[in-house]
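Taken from Swiss-Prot as is:
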type	residues	note
BINDING	Gly13, Ala14, Ala15, Gly16, Phe17, Ile18, Ala19	NAD(+) binding site
BINDING	Thr132	substrate binding site
ACT_SITE	Asp133	active site, proton donor
ACT_SITE	Glu134	active site, proton acceptor
ACT_SITE	Tyr159	active site, proton acceptor
BINDING	Gly386, Lys387, Thr388, Gly389, Trp390, Leu391, Gly392	NADP(+) binding site
Amino acid sequence: MATYKPKNILITGAAGFIASHVANRLVRSYPDYKIVVLDKLDYCSNLKNLNPSKSSPNFKFVKGDIASADLVNYLLITEEIDTIMHFAAQTHVDNSFGNSFEFTKNNIYGTHVLLEACKVTGQIRRFIHVSTDEVYGETDEDASVGNHEASQLLPTNPYSATKAGAEMLVMAYGRSYGLPVITTRGNNVYGPNQFPEKLIPKFILLAMNGKPLPIHGDGSNVRSYLYCEDVAEAFEVVLHKGEVNHVYNIGTTRERRVIDVANDISKLFGIDPDSTIQYVENRPFNDQRYFLDDQKLKKLGWCERTNWEEGLRKTMEWYTENPEWWGDVSGALLPHPRMLMMPGDRHSDGSDEHKNADGNQTFTVVTPTKAGCSGDKRSLKFLIYGKTGWLGGLLGKLCEKQGIPYEYGKGRLEDRASLIADIRSIKPSHVFNAAGLTGRPNVDWCESHKTETIRVNVAGTLTLADVCRENDLLMMNFATGCIFEYDAAHPEGSGIGFKEEDKPNFTGSFYSKTKAMVEELLREFDNVCTLRVRMPISSDLNNPRNFITKISRYNKVVNIPNSMTILDELLPISIEMAKRNLRGIWNFTNPGVVSHNEILEMYKSYIEPDFKWSNFNLEEQAKVIVAPRSNNEMDGAKLSKEFPEMLSIKDSLIKYVFEPNKRT
């Protein structure tokens, strides 16, 4: 196996816990490498973490944000960076529930900025993306084999969902642009320098001050812990020996219950566990277990060197010698911290009076009055985004027809302040999001405009969802079903459709990747109704966005059955769904499938008797398009149960499209 040797390494988030240990190790061990570290210095970063490297001639610190494209491009070019180790991220699960959008900005958008800079400069020989074991989701309690690197990603919280989303972007840039990427997924790390929002430093600081150790629930939750220096060595191995386009778990199969960790720390301080452990209310999002398979990395020569007892002792000694390293962290030491300490500000989750752990200082946080309230009896008024789009325009016409007051939003989806201004001025009962980038003339546009696509389809949609959540507003979100493709479990012609709970399996186009990513993240919002639209069709056969109009103008057509959405029938249903306060994910297609040839046969029979077309296969189609297209059948049972009067796709085509346009 060839050993990779970098020259100039950029380490993001390097003033944080794990990255600082990696940076210090590389600076110390490889004086011929230039190490440039970038960090915006938020609440869990500390320049003192990099003290061992400050005087080294091969070390350079830059304060800045990875979301700044100009800064990132400047650094890559001026420092002649050939290797990136991307650690920068928001990582605390609890905080992700209180301010998930901040996690999207940091973990997804920031990663995308980095990737785009790599593509533009064209000089990166290794991009190591640091992810988490939490992307695999919760492991069964009785599982004897850990998640291996090819396991399905099933994140269960906003933090892990954003990390999984970032991984998808990294994979996309590896495949689309040949960027030499490597991804790591690590389990819990402990040791010196860690901000005490995490379990072990939190327990150590509490024990040092004679405070109770709070256990969420019964303490049976299981975690695997690696000492920080062992993890730093793992990254050293991945840097030099890791294979491009591979994923490596950094973990251990040795597991410990939270109650066992509390017992061990109590014993280190000579405290009776029975008197110091305090059982508190469990967190509703406290996964029971994460378990990794660690064999792949071991084959590169890495192994865990520090046993639990030694690592815990070293960690305790460091915190007792450096009790003021992080300053006043009393807010983080509470059993259920109310403070969400995100960069730039401190956020509270309610209007209340709180006390620091020592009981001395108090402060009051006041939550502003919500612009909307789901429990009131206001009449309907819709706020619609997507005025210039096809669906947005049709929604406005439907509102006029039904006598429903509505206004179009003036704000841009990615501009939070403008969305808040819209809601305050319009005071809607519901918000409809029909805005988004699909590309003109088709989704191939998104392949060359990825930053714009993610800004609107991911960051923008999540911003609107979060603003609506803060104002107790239901958001009707027009999404896409083009995130699936026929597979072994859902073969073409079988009648087995993809259900609402199924995870996307189509990543052929960047457009679909962004839509799959945002759908996964929106699962965490209980105020969103996601409508999976597919190949939309309307009675307006002159509209270039109409699927029938599109295929009738193609020189050749692939004949394959698909689920589709007849807008004349289903858009009124979306309004009724808003009235019924329906939420969650819905396959927003007419029941059944129709092939492209069947549609064109109807077109010929009803509209243009002399119409002719020819077919070609998917392989031939691939030669004339940039990105592959999604073909699938969606399961319509959920929507049909709610609206049993809904017509099948073929009957709806005839009633709403071809009969009204029939030429005599």
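Glycine is no exception: its Cβ is also placed from the backbone N, Cα and C atoms.
Taking the binding-site residues Gly13, Gly389 in turn, the residue surrounded by the fewest other Cβ atoms inside 10 Å of its Cβ turns out to be Gly389.
Of the chain residues outside the NADP(+) site list Gly386, Lys387, Thr388, Gly389, Trp390, Leu391, Gly392, Ile384, Gly393, Leu394, Leu395, Ala434, Ala435 have their Cβ within 8 Å of the site's Cβ mean position.
A straight line from the CA of Tyr159 (active site, proton acceptor) to the CA of Gly392 (NADP(+) binding site) spans 31 Å. Around the Cβ of Lys387 (NADP(+) binding site), 15 further Cβ atoms fall within 10 Å across all displayed protein chains. Taking CA atoms as the reference points, Gly389 (NADP(+) binding site) and Glu134 (active site, proton acceptor) are 38 Å apart. Trp390 (NADP(+) binding site) has a Cβ environment of 18 other Cβ atoms inside 10 Å.
Close to Trp390 (NADP(+) binding site), meaning Cα to Cα within 10 A, are none of the binding-site residues out of Ala14, Ile18, Thr132.
Comparing C-alpha positions, Gly16 (NAD(+) binding site) sits nearest to Glu134 among the recorded positions Glu134, Gly386, Leu391. Note: the CA-CA distance between Lys387 (NADP(+) binding site) and the residue listed as 'active site, proton donor' rounds to 41 Å.
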